[in-house]
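Encoded as structure tokens, the structure appears first; notes follow it.
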Amino acid sequence: MTITISAVILAGGLGRRMGGVDKGLQFWRGKPLIETVYQRLHRQIERISINANRNREIYARFGVPVFSDRLAGFQGPLSGILTALERATTDYVLFVPCDCPNFPLNLLEKLKSAVEFSQISLAYAHDGERDHPTFCLVSTQLKNALADYLAGGERRMLYFMQMHGAVAVDFSTEKQGFININNLADLNSP
């Protein structure tokens with residue numbers, strides 16, 4: 001089974017734990033988080049877009065397509081995922097959050113292997129202790145099911161994933177790669 005894949009950086013949140021600032025545009029190690037995440041992701045895949053609900057013109061400076069959630073009101077990462085699946089011209093979409101600059105460089109390789117080997121529609125990262133559902137590879141065939149799920153008022157990512165037979169992919173040897181930047185103090189950490 002050969003599948004086509006594109007990628008989306010999720011940067012559409014409200015940044016509540018950061019006082020409402022746009023997380024992706026906050027500086028970490030001398031450059032915006034989104035730039036670090038983009039560069040790391042670009043080492044794994046060429047076709048990248050950014051999901052952002054604010055400051056789209058700034059995100060567009062990276063020279064990739066930028067789109068907002070179709071659903072209004074900052075409804076969470078599943079809203080950005082839905083819009084990405086609806087826009088995609090590939091079989092699958094790889095998602096990564098904008099606030100995790102050290103994610104594994106083998107993320108796509110391992111998630112892709114899982115969906116191909118198991119012939120499933122969805123795989124996400126697990127670090128040996130915790131699930132990381134925003135690091136996921138999702139089939140575009142799930143867009144209607146996700147639209148129905150969100151229309152029913154649900155927002156729980158893992159629940160949706162489990163409903164659709166998702167596989168948690170082991171990244172226990174890359175656990176440090178899933179530490180995210182949650183607050184302004186984290187921006188100054190090494």
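Placement of Cβ uses the backbone N, Cα and C atoms for every residue, glycine included.
According to Swiss-Prot, the protein carries these features:
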{"type": "BINDING", "residues": "L10, A11, G12, K23, N51, D69, D99", "note": "GTP binding site"}
{"type": "BINDING", "residues": "D99", "note": "Mg(2+) binding site"}
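Structure coloured by features recorded in Swiss-Prot.
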residue : record           : contacts (Cβ under 8 Å, 6+ apart)
L10     : GTP binding site : N51, P77, G80, I81, F95, V96, P97, C98, T134
A11     : GTP binding site : D22, K23, G24, I34, I50, N51, A52, Y59, P97, C98
D69     : GTP binding site : G12, N51, N53, Q75, S79, G80, L82, T83
D99     : GTP binding site : K23, G24, L33, N180, I181, N182
- One finds that other Cβ atoms within 10 Å of the Cβ of N51 (GTP binding site) number exactly 27
- Item | K23 (GTP binding site) CB neighbourhood, other CB atoms within 10 A | 26
- Simplified to three states, DSSP reports L10 (GTP binding site) as strand
- Taking the Cβ of G12 (GTP binding site) as the centre, count every other Cβ atom within 10 Å, in any protein chain shown. 27
- Item | DSSP-derived structure type at N51 (GTP binding site), helix or strand or else coil | strand
- Message: Need one number for the GTP-binding residues L10, A11, G12, K23, N51, D69, D99: the maximum pairwise CA distance in Å, whole number please.
- Response: 18
